[in-house]
Amino acid sequence: MAIERTFSIIKPDATKRNLTGKINAKFEEAGLRIVAQKRIQMTLEQAGQFYAVHKERPFYGELCEFMVSEPVVVQVLEGEGAILKNREVMGATNPADAEDGTIRKEFALSVGENSVHGSDAPETAAEEIAFFFSGLEIVG
Ligand code: CDP
Ligand code: MG
């Protein structure tokens, strides 16, 4: 499988509980390399644009408010099959459905406050990386 890059966010529920290091350890243990990372306070406009695909969903407003409620850590992860591998390490959207050992199983509070975001496909990974990072900020 090819070396890929994917986009990740450590969400407000996790930064608030000081879990950045524990979550990064999960990525690194799975063979994902953190090739870019910064802690930011998202604006409501950025959150709304980032999650525009969910605009019509009932949870959209609450999700955007949550994403701006505390700082987040945005990241680029690199590795063999990184997009799928990251989704596996994250676990299911709803922590109640997540496999043992996954980030969401161990750390998520609810389906909304679920500790991490990860891109779901090569196209979204490229778009999401470009939304938060310039090429110069990514050092593989
Ligand atoms: O993050 P993931 O790709 O696993 O799930 P999604 O279906 O793309 O949904 C994006 C985010 O919306 C989730 O990670 C949750 O934070 C939130 N969400 C929610 O609050 N309630 C739902 N029923 C589904 C998703
Ligand atoms: Mg998604």
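The backbone N, Cα and C atoms fix where each Cβ goes, and this holds for glycine too.
With DSSP states grouped into helix (H, G, I), strand (E, B) and coil, the domain 'Nucleoside diphosphate kinase-like' (3-140) comes out at 64 helix, 28 strand, 46 coil. Residues or ranges marked as domain 'Nucleoside diphosphate kinase-like' by TrEMBL: 3-140.
Taking a C-beta cut-off of under 8 angstroms and a sequence separation of 6 or more, Arg87 (ATP binding site) has the following same-chain neighbours: Gly118, Asp120. Summarising the annotation, TrEMBL assigns ATP binding site to Lys11, Phe59, Arg87, Thr93, Arg104, Asn114.
The feature active site, pros-phosphohistidine intermediate is assigned by TrEMBL to His117.
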Recorded positions (Lys11, Arg104, His117), the one with most neighbouring Cβ atoms at 10 Å: Lys11
PLDDT averaged over every residue in the domain 'Nucleoside diphosphate kinase-like' (3-140): 98
